[in-house]
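Chemist: Sharing the record's features from Swiss-Prot:
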- 1-18: signal peptide (SIGNAL)
- 20-83: domain 'LCN-type CS-alpha/beta' (DOMAIN)
- Cys34-Cys55: disulfide bond (DISULFID)
- Cys40-Cys60: disulfide bond (DISULFID)
- Cys44-Cys62: disulfide bond (DISULFID)
- Cys56-Cys82: disulfide bond (DISULFID)
Amino acid sequence: MKFLLLFLVVLPIMGVLGKKNGYAVDSSGKAPECLLSNYCYNECTKVHYADKGYCCLLSCYCFGLNDDKKVLEISDTRKSYCDTPIIN
């Protein structure tokens, strides 16, 4: 019973503290365009405070964004493609 109560309390907290992946957008609602992953790594980590980032389909895709950051709405197929980084 105690385990169940602990599970019910911890589960919502884990969802709140989780981080998300996606194309981080600026104040104009556009994701940074790119050709090189090094540019995206710097853009994601220094501008958007993500854990890392790389160039996916000519836009910077960031990993580990805070929940309050806005991301570009994309299709599930594109998201699953970009969630698997080719270059580390």
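Keep in mind that glycine also has a Cβ here, set from the backbone N, Cα and C atoms.
Help me picture where these features are in the structure shown.
Modeler: Just so you know, the Cβ of Cys55 (disulfide bond) picks up 23 other Cβ atoms within 10 Å once every protein chain is counted.
Sequence-distant contacts of Cys60 (disulfide bond), defined by Cβ-Cβ distance under 8 angstroms and a gap of at least six in the same chain, are Tyr23, Ala24, Ala31, Pro32, Glu33, Cys34, Tyr39, Cys40, Glu43, Cys44, Gly53, Tyr54.
Same-chain residues at least 6 positions away in sequence with a Cβ under 8 Å from that of Cys62 (disulfide bond) are, in sequence order, Asn21, Gly22, Tyr23, Ala24, Cys40, Glu43, Cys44, His48, Ala50, Lys52, Gly53. For the recorded site, Cys62 (disulfide bond), the DSSP three-state label reads strand.
Counting only residues at least six positions away in the same chain, the Cβ atoms of Asn21, Cys56, Leu57, Tyr61, Ile74 sit under 8 Å from the Cβ of Cys82 (disulfide bond).
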Chemist: Report, as a single number, how many Cβ atoms besides its own are within 10 Å of the Cβ of Cys44 (disulfide bond).
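Modeler: Around Cys44 (disulfide bond), other Cβ atoms within 10 Å: 24.
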